[in-house]
Amino acid sequence: MTRMKFPKRYVIVLLTFICTNVCYIERVGFSIAYTVAADAIGVNQSNKGLILSMFYYGYVLSQIPGGWAAQRIGGRRVLLLSFLLWSLICGLIPLDPNRVTILVLSRLFVGVAQGFIFPAIHTVLAQWVPPQERSRSVSLTTSGMYLGAACGMLFFPGLVKHTGPQSVFFVEAVLGVAWSAIWLKFSSDPPRTDLPKVSMPKVASRDTIKAQAGGVVAPRTVKIPWRRIIFSLPVWAIVVNNFTFHYALYVLMNWLPTYFELGLQLSLQDMGSSKMLPYFNMFIFSNIGGVLADHLITRRILSVTKTRKLLNTVGFVVSAFALMALPLFSTPSGTVMCSAISLGFLALGRAGFAVNHMDVAPKFAGIVMGVSNTAGTLAGIVGVGLTGNILEGAKASNKDLTNSETWKTVFFVPAYLCIFS
């Protein structure tokens, strides 16, 4: 990379993209491996929901501490430590649904470790990326999540079928350690506490220039303005939309495999590459949203604020209608199409609210991301657990879980939340 004169900020963005990719390979991998292992011994849907949601209990505990730690000791170090921790846990813990206590604790600690990652990433990107590149840089980084989920859905079902669920943990641990080694070798802190001045295009909008003038990252000794963050309406707008985005994402990520197995009577192993389409669509739409946002802003077609609102609204509204249509289809192709549209436009909407952390608080992007992602993680706890209870309640009422009509409530709840957000 040095010989190619590759700009260091591009290296950092590429590495954070790979980082989110590996994180979501781990999350999807556990969901697939645990579902197979749990179904093999007849674990009920409510208990499955409990285990699947334990990750998010740990995740929510470390969001704000993650932002604080990244602000104090640096996002680069926090990323390395968190990756090594969750990789070690994956490599050492056995996947046995009968050993509930060990599974609960391991998923809790993996969640705690990964909870430091996104606040740290936002701190790193706020240090390295100039305002005119923020949308596409953040969108590329977060799109790694969706590509990771797509890769997990494509490869892990076959891996589980041929080598067993435990093999997924081994692969995840190896990927985590490998990324840590690459990050240690190629990453670095910025040469100064603020980014060197980057010339803005003459056509840049006033609020973009104003964002740059506001600085990139606060010195580590600056007092964090907690009161202003907590009582900021723009921050609350980000928080609400983050909650909704992750409610819809986590419900689909954790329960779509079960819906295919029960609602459509279709094994993931028999679906081929089509099962990865919804997450691959997120990868594509996330980057489209980032490039489009930067284009609208730098060409002065729309202001930063209007650009964020436009992408957020279009993405969430289209996603809501796709979620409502999903249980109406009783064929795999219709279900995959609806879930692909829903998740794709959710990713487009993320180009609205997710980059906004850096717009409203460039000096404290990691802290605000921690606050926002706490809400997103609570969505995982609420959504994944509630979905298990909804299905168990339907089963207790003698409703057939193999009937897609029974699943309507599961998909309508995130749809209504999208419209509200």
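Backbone N, Cα and C define each Cβ position, glycine as well.
Source: prediction; values computed, not measured.
The feature transmembrane segment, as given by TrEMBL for the ranges 276-298, 345-367, 368-390, sits at 276-298.
For the transmembrane segment (78-95), the residues of the chain that approach it from at least six positions outside its boundaries are 19, 22, 26, 33-34, 37, 66, 69-70, 102-103, 106, 109-110, 113-117, 119-121, 123-124, 165-166, 168-170, 172-177, 179-180, 183-184, 187, judged by C-beta separation under 8 angstroms. Residues of the same chain lying 6 or more positions beyond the ends of the transmembrane segment (101-125) and with a Cβ under 8 Å from any Cβ of it are 12-13, 16, 19-20, 23, 26, 30, 34, 50-51, 54-67, 69-71, 74-76, 78-79, 81-83, 85-86, 89-90, 93-95, 134, 137-138, 141, 217, 357-358, 365-370, 373, 377. On the 0 to 100 pLDDT scale, the domain 'Major facilitator superfamily (MFS) profile' (12-421) averages 83 in this prediction.
Contact check: the transmembrane segment (276-298) against the transmembrane segment (137-156) gives at least three Cβ pairs closer than 8 Å, residues 6 or more apart, which meets the contact criterion.
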